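Working notes for the structure below.
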Amino acid sequence: MKKLNFLICIINILFLFVNSQDLKLGGSCELIDSNSPCFSKLNYTDFYLQPGDSITQLNKNVSDIIRMLEFTTPECKPNAINLICLKSYPKCETHNETLSNNTNIIFNLPSLPCNSICLIAETPCKIFIDNFLKDLSCSSKFSNGVPMFPINSTDFEFKESGNFDFNFNVECNDNIIYDNSSSVINCPAPLLNSKDHVIPGKTTYYYITDSCILDCPFEIYPGKTKILDKTNYTLTSISFITCFFMILTFGVLPNKITHRMESILSFACGGCITALSLFIQSRQDNFNCSSDPGRFKSQSDYLCLLTGLIFQFGAITSIFWAPMIAYDFYITSRLSKIRKFGLYRIGIWSLIFVLTALPAFGGKYSATVATSCWINSDDGSAWQYISFYIPSWCAMGLLCLFSILSVINVSKMYMKSPNRRILFFNIKIIITSLILLFNLTFASSLKFYMEDKMDTYFDAIAVWAECISKGDPSQCELHAPGYELKALNVVVVSILGFCIFIGYGLDPIVIQIWKESEKLKWILKKCGLNDFIKLGSETTSTTNTSGSSGSGSEKRQSKIRMSKLSPPPPSIDTTNDIPINDTLGEN
């Protein structure tokens, strides 16, 4: 259906002159120009030129049409060329008549293509004729009711009151010259002939028509793709660095990993893994292209399968652990803790592995014209929805729910005990959750925009294809819509790891973790750097659980004394999952 829509666009542009419903008489017999594309395809030399028509313009129009027939099929093309030549350059018959006053008058008449010739072309070209070449239908008629493709002959009547009344019967033209070259499809560069390049059993070829495929690489946004790639690489590198820092801080250095730390650690791991898939692709030019001309990589190309699995696993990991972070924040704002965290852990990781492996079993990991190796849905299948979008929407729904509930709890907390420090920390976490929610929502919503604009994309490709069929491809530029949204999508996806760093990586507790890390102290001691790099001494207070402001013992003690008046902010706990509350932090 996509190929059909594409052809409708380009043929409607070029076949306007064929759609004339008038047969104009009073024309002239002209020699078929050697520059005519039909010069070698007709067995006569004179054709009927309608009054007002130009031979030069006629030659150009027919040449453009024949070039566009490269987008049809080997069965249709030669028959369509033959029919178009007979219709555009009808054989001219001259009738010389003598009037009653002994004056001679000449009548030039066209010999129209026979219906039998039309039927030969109609069968292989039926889909094209029915949809956009209706005037080439064998039942078509001129505006005066005369058949365009007569069965045997056409009657022409000329009357002049009191002077003459002539009737002429002109037999139809059944000329057929088979040209072997006419059946060869010559796809205009940079398109490739599917007959020469499509390998049986291989997939991920993109057909423009039944005979022509896109070459690889193919840029939807020419001249802008490199800008997107560089932006994506830069932002992803920043995100990777911040995620790596979060992994060190909450997964390697802590003396004890709490539930909140594990959630942040899992999210950061997902960000690093997602970035890794981009780094693998960036090591190879035109990564999406296979070694076979015109074929985009599919799951049979192991590197494409690997990057697809890595990206899917990393993206789903970050998406699934984002609501867990929000849930932990919501529970903490209620001065409680998560029960049965181990069950959540098992459930989330199991679902992540299943959703990553499922498309692989269906053979759906492949590159496309617009995306790198991931789940391919060009065939309209539901693999992307089942394996990514629906689970992601569920996760985003939970993220939204817990963010709203957290806002309510924080507002109640502030109303009872106003504290700007607590409010600032809570607002920072809430804003981080909202940014994550926006990023994930925008990234998933872009799919619906792209699908809604699919016809617009094919219109743009149609204009581009018309251009390359006429002349130098380097002068033809594809103007596809949606570049701004595509660029914004690159940004929002690339900064996911950086967002979680802003929310949790800049908390004062991070400094505390690094200072109190026994692993870091051991490394410094082994390297002989412990005398040069002094870490803070480990506190013996069992109530040092907030850590959201200040790092000295005096500040922590002051914080404990004030705990009955105002609960501290739900920051990242270094010893347990309960912040200091009105029981002085005792659990």
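Note: Cβ is positioned from N, Cα and C throughout, glycine not excepted.
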So, in Swiss-Prot, are LEU303 and TYR457 both on one side of the membrane?
yes
Annotation N-linked glycosylation site in Swiss-Prot: match it to one of ASN61, ASN409, ASN439, please.
ASN61
Of ASN288, ASN581, which one does Swiss-Prot label N-linked glycosylation site?
ASN288
Can you sort out which of CYS92, CYS125, CYS138 is the disulfide partner Swiss-Prot gives for CYS118?
CYS138
Can you sort out which of CYS9, CYS29, CYS38, CYS125 is the disulfide partner Swiss-Prot gives for CYS85?
CYS38
Which number gives the other C-beta atoms within 10 angstroms of the C-beta of ASN232 (N-linked glycosylation site), all protein chains shown included?
18
Can you tell me the mean pLDDT for the topological domain 'Cytoplasmic' (254-260)?
89
DSSP-derived helix, strand and coil totals, residue by residue, for the topological domain 'Cytoplasmic' (326-340):
8 helix, 0 strand, 7 coil
Give the residue counts of the domain 'FZ' (24-154) per reduced DSSP state, in the order helix, strand, coil.
48 helix, 29 strand, 54 coil
To see if you understand the setup: which same-chain residues, six or more apart in sequence, place their Cβ under 8 Å from that of ASN152 (N-linked glycosylation site)?
CYS114, GLU171, CYS172
Tally the residues of the topological domain 'Cytoplasmic' (254-260) by DSSP class, grouping H, G and I as helix, E and B as strand, and everything else as coil.
2 helix, 0 strand, 5 coil
Number of helical, extended and coil residues in the topological domain 'Cytoplasmic' (409-421), per DSSP:
10 helix, 0 strand, 3 coil
